[in-house]
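The active site, nucleophile annotation in Swiss-Prot covers 48 and rests on similarity to another entry. Feature annotation from Swiss-Prot assigns active site to 275; the stated evidence is similarity to another entry. The disulfide bond feature in Swiss-Prot is assigned to 65-89, 138-152, 205-254; the stated evidence is similarity to another entry. The feature signal peptide is assigned by Swiss-Prot to 1-31.
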């Protein structure tokens with residue numbers, strides 16, 4: 001190609017590249033700025049199942065609450081990028097939403113406000129010590145009976161269920177109404193409790209969970225009633241109920257480490273027995289995010 005022609009091609013190429021660069025720069029300068037996704041203002045309420053009591057590491061902010069920084073609220077916040085205020089506290093009852101549970105521990109509802117976007121909670125299991133008493137009574141009866149019969153059911157009958165219906169259920173509803181009043185714009189998720197016992201007795205589990213064979217389904221039915229009370233209270237107050245009855249089946253305290261979400265009463269790997277382990281807290285977070293459509 002003659003030199004004058006070559007120079008013309010090079011000149012045209014440089015001009016074209018320059019025009020393209022100017023065009024991109026101009027387009028970039030006039031493009032609408034990307035809209036950042038708003039950060040969720042997330043408040044976690046609840047008892048030891050929410051706090052992850054027994055799961056390491058422990059939050060040093062308040063050792064009385066035995067709150068883990070690997071609990072399901074932290075997993076949700078880490079996954080979604082939410083701004084977390086975690087006021088969960090081991091042994092909390094619904095009454096602790098409006099009263100100081102310990103000196104220096106404010107009522108849990110004080111953490112809520114009109115700017116709160118998301119609230120999660122697991123609560124009700126400690127109210128009137130009903131469910132704790134059921135586990136303790138049935139465990140003691142199981143040891144004394146050598147695992148035979150249904151001594152706990154025979155002695156207590158419907159008393160635990162009656163207590164849940166008469167006291168726990170209305171207290172749950174009142175607590176959720178309190179959440180709604182303090183955080184009127186928030187999405188509220190009330191979590192059920194993952195299964196502690198299998199559906200039927202497993203003789204190989206007796207040393208870990210010393211329940212008489214006939215009391216295993218009895219205690220599971222009491223837990224099902226507690227979860228149903230949470231469900232009804234949630235539905236009647238506009239909250240979302242997160243049901244664990246299906247996804248936690250086969251992950252109870254009788255299962256092997258790595259499969260179970262709940263640690264057994266005896267010979268477990270957690271500081272707090274009959275509570276979720278680290279795997280359980282992660283699975284609770286994952287299922288809650290699935291139900292709420294969070295990612």
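Backbone N, Cα and C atoms are what each Cβ position is placed from, and that goes for glycine too.
Shown on the structure are the features that Swiss-Prot records.
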residue: 48; record: active site, nucleophile; DSSP (3 states): helix
residue: 65; record: disulfide bond; DSSP (3 states): helix
residue: 89; record: disulfide bond; DSSP (3 states): coil
residue: 138; record: disulfide bond; DSSP (3 states): helix
residue: 152; record: disulfide bond; DSSP (3 states): helix
residue: 205; record: disulfide bond; DSSP (3 states): helix
residue: 254; record: disulfide bond; DSSP (3 states): coil
residue: 275; record: active site; DSSP (3 states): coil
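Cβ-based crowding with a 10 Å cutoff singles out 89 as the top-ranked of the disulfide-bonded residues 89, 205. When the Cα atoms are compared, the residue listed as 'active site' and residue 48 (active site, nucleophile) turn out to be 8 Å apart. There are 23 other CB atoms within 10 A of the CB of residue 65 (disulfide bond), with all protein chains counted. Proximity of residue 254 (disulfide bond) to non-local residues of its own chain (separation of 6 or more, Cβ distance below 8 Å) is seen for 197, 198, 202, 204, 205, 208, 209, 260, 264, given in sequence order. Residues near residue 48 (active site, nucleophile) in space but far in sequence (CB under 8 A, at least 6 apart, same chain), listed by position: 54, 66, 88, 89, 90, 91, 92, 126, 272, 275. The Cβ of residue 152 (disulfide bond) lies under 8 Å from the Cβ of 134, 137, 138, 141, 142, 211, 212, 215, 218, 219, each on the same chain and at least six residues away in sequence.
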